[in-house]
Amino acid sequence: MSSPGEYYNSLPPITKAYGTLCFFTTVAKQLGLLSPAYIALLPELVIKQFQIWRLVTTFFYLGGFSINFGIRLLMIARYGVLLEKGPFERRTADFLWMMIFGSFTLLVLSVIPFFWTPFLGVSLVFMLLYLWSREFPNANISLYGLVTLKAFYLPWAMLALDVIFGSPIMPDLLGIIAGHLYYFLTVLHPLATGKNYLKTPKWVNRIVARYRIGGPVASVRQAGGVGAAGTGSGGAVGGGGAYSSARAPPESSNTAFRGRSYRLTD
């Protein structure tokens, strides 16, 4: 059995960096060094007072120390790692681009008053869960040891639990929308038309190469005859951070985690 330090060092770079930022953001809040109101996504302050850091910090707050906070970190460690070490293995630039595109999509959706939420961390985590569920739809999941269901239905089951327990479902819903948009543009649309409009930009590849993030790009088998593998063009379907739907599912998860939302005053 590996030690906590060994486990942490074994995590893939993007997932490790994101989870670490979320953890220390909450630590700073608990120590009174940081107020959630200072990092929340408040459009009027972004526009009128040019507090542009809110466009980034909104993704790093998962709530105060609680069971729900721990569950959210476990979701990152579970589904983020499975994605980055599975479909995105040795394709760090594609995974980073997926995170960037997902974040941008969530920010755009938050401009709509109906969808606005002050913190988008849970939404980004839920997007990872949704994409994992689409990549491994036939994996069997035991939901709190009570119900066994296919991974494809897990995001919706977790959203339903939020409804039952009276938690806001908007962060979950936003994550599903962002995840499905990415999946549609990189998998479904390229398979139907042969065109991929969401290839990983060259500047993302340059960032990964310059700072030596992750391992070297590996050749990835084309799926459905669409797209091309190789540096700068992505890997599987569409060549821009998409997935191969022909992969075998991993071992079934023992437990499914549910991440609740939060209040601005947490």
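Every residue, even glycine, has its Cβ placed from backbone N, Cα and C.
Taken from TrEMBL, the feature compositional bias 'Gly residues' applies to 231-242. The region 'Disordered' feature in TrEMBL is assigned to 231-266. What TrEMBL lists as transmembrane segment is 17-41, 53-76, 96-129, 141-161, 173-192.
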The transmembrane segment (17-41): which same-chain residues, six or more beyond its ends, come within Cβ distance under 8 Å?
-> 11, 53-55, 57-58, 60-65, 69, 72-73, 76-77, 80, 99, 107, 110, 116-121, 124, 264-266
Long-range Cβ neighbours of the transmembrane segment (96-129) (under 8 Å; 6 or more residues past either end) = 14, 18, 22, 36, 40-43, 55, 58-63, 72, 75-76, 79-80, 83, 88, 154-155, 158, 168, 170-179, 181-182, 198, 200-201, 204, 207-208, 213, 240-241, 259-262, 264
